[in-house]
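Heads up, the thing below is written out as C-alpha cells.
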Amino acid sequence: MTKQYKNYVNGEWKLSENEIKIYEPASGAELGSVPAMSTEEVDYVYASAKKAQPAWRSLSYIERAAYLHKVADILMRDKEKIGAVLSKEVAKGYKSAVSEVVRTAEIINYAAEEGLRMEGEVLEGGSFEAASKKKIAVVRREPVGLVLAISPFNYPVNLAGSKIAPALIAGNVIAFKPPTQGSISGLLLAEAFAEAGLPAGVFNTITGRGSEIGDYIVEHQAVNFINFTGSTGIGERIGKMAGMRPIMLELGGKDSAIVLEDADLELTAKNIIAGAFGYSGQRCTAVKRVLVMESVADELVEKIREKVLALTIGNPEDDADITPLIDTKSADYVEGLINDANDKGAAALTEIKREGNLICPILFDKVTTDMRLAWEEPFGPVLPIIRVTSVEEAIEISNKSEYGLQASIFTNDFPRAFGIAEQLEVGTVHINNKTQRGTDNFPFLGAKKSGAGIQGVKYSIEAMTTVKSVVFDIK
C-alpha cells in the first residue's frame, strides 16, 4: 500500500475525507495519495492563516529570517529524499530533481538575507514646495497579508520556494497550493517548514481537485495576494477572478533564439540544445523556435542535429535527457503540433517517434509561419528552425507572438545585439546564452500573455508588500 500524505494546516498534519491518487508518469505506478480538500477545509486554512498573521508580522526581519534559514538547512539535509520522490512524480532526471531542491534552499537563504536589506526612507516635503518644508514622511513597507502561492508541475518545489520565502520574510502568511501532479513533492517541501518550527498558521498547504476548489481558493476574499505559475489560460482566468487584489503571474512563452551571421555556431548549437530540450522541453523559458540567418542556417542546423541525435532517451531514474511527458494530454498536444508541421512540409531531421507519453526529440527545419509549431508553445521535445533573410524579419516574427517571456541573440557584435534587444517585446533578452530563469536575484518577468508582475527575490518581496507613509509636521 502506498503512503497517504497529509496537508499541513495550522501546525497540524491532516487527512481529508477524500483523496487523490498520484501516479508516476513514466511507469504508471501509484506513488501515493494526497488529500482532496473541501471548500470547508479551505475556509479553515484561510481562517488559521489570518489568525496567525498579526503575530508573524510583528516579528523582526531577523527573527523571520532565522526560521527561513532553518528551512533551507532541512532541505539541504533531505535533498536526496525529496529529489527521489520529485524525480518519480514529474518524470524529471534524478540529478536535476536534487538540484531543484538545492536551488530552492539557496533561494530561501537568499530571501532571508534580502529581507534584512529592506529599508524604509524619510522624505522631506520641502523637496516639492517651500510651503511643505516642515512636513516629514516616514515611508515603510508592510506585508499584504495572506498570500496564495500556486506552483506548477515542472518545478513544484523550486517555484514554490521562490514564492513562499519572499512572502514570509516580508511578514505575510502562506496558503500553498502545489500542482496535482507534484503535490507529494510540495508536501515534502512543507515538511521542512513544519520542522523549522514556524508558528501555527503561518504556513499551510492546500491540495485538491481543481474542479472542486480551484476557483474557490482564488475567489475567496480572505486572500490578499495571488502568486501563480502555470498556463496562460488559467492565469488569465485568475486575473479576472482576482478583481482589485494584486497578482503575480508567470505564464507561457514562445522564446526565440535569433542567430546572426557572425555567431559562434558551436556555442550557439550547444546553448540551443540545452535550452530547447532540458526537462524534455517542459519549461516556460525553453528555446521554442530558432530564427536563423539563411547564410549560416545549413551549418547551424547540422550542428544542432548532431547534438539532438546524441541526447539520451529513457526514464528519469536513468537520468536520461528526454523522459516521458507529464501526462497523455500533453503528449497528444505535442504530437498534434508535430503532425501539423510534417503535413505542411517542414523537414523532419530526426525520427518522429512516440511511445506512450515518451516523445523522442524532434528537430524540424524549414518551418514556415503558416504552421502551428511556429506560434504555439509545445511544452515538449520538439524544436522548429525558421530561416530568415534579415534581422528585421527575425524581430518581426519574434514580436508577432502572443507571448513575451524571453529571447536569445547569438552574435559577436554586442552593440548590434543591444540594439536588437531594445526592439524585442519580451521581459528578458539573453546574449550568447540560452533562455532561462535566473539567476534569482535578477528580475524575471513576461510581457503580453507571458505574465504580470516582476519576480526575482527582491522584486518579489516588494510585490508582496505595500507602502505605508506616516506624515507629520515639525514644530
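Glycine too: its Cβ is placed from the backbone N, Cα and C atoms.
As recorded in Swiss-Prot:
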- Glu250: active site (ACT_SITE)
- Cys284: active site (ACT_SITE)
- Arg103, Asn154, Tyr155, Arg283, Cys284, Thr285, Arg437: substrate binding site (BINDING)
- Ser151, Lys177, Thr180, Asp215, 230-251, Glu377: NADP(+) binding site (BINDING)
Those binding-site residues listed as Ile238, Ala242, and which of them has the most Cβ atoms within 10 Å of its own Cβ: Ile238
Cβ contacts of Arg437 (substrate binding site) (under 8 Å, same chain, 6 or more positions away): Thr285, Phe444
Those binding-site residues listed as Ser151, Thr285, and which of them has the most Cβ atoms within 10 Å of its own Cβ: Ser151
Cα separation, Arg283 (substrate binding site) to Ser151 (NADP(+) binding site) (Å, whole number): 13
Recorded positions (Ile234, Cys284), the one with most neighbouring Cβ atoms at 10 Å: Cys284
Residue among binding-site residues Gly230, Ile234, Ile238, Ala242, Pro246 with Cα closest to the Cα of Arg283 (substrate binding site): Gly230
Longest CA-CA distance among Arg103, Asn154, Tyr155, Arg283, Cys284, Thr285, Arg437, per record bound to substrate, angstrom: 18
Cys284 (active site) as reference: those recorded positions from Arg103, Ile234, Pro246, Glu250 with C-alpha within 10 Å of it: Glu250
Under 8 Å by Cβ from Tyr155 (substrate binding site), same chain, sequence gap 6 or more: Glu100, Thr229
When distances run from the Cα of Ala242 (NADP(+) binding site) to each of the recorded positions Arg103, Asn154, Glu250, the nearest one: Glu250
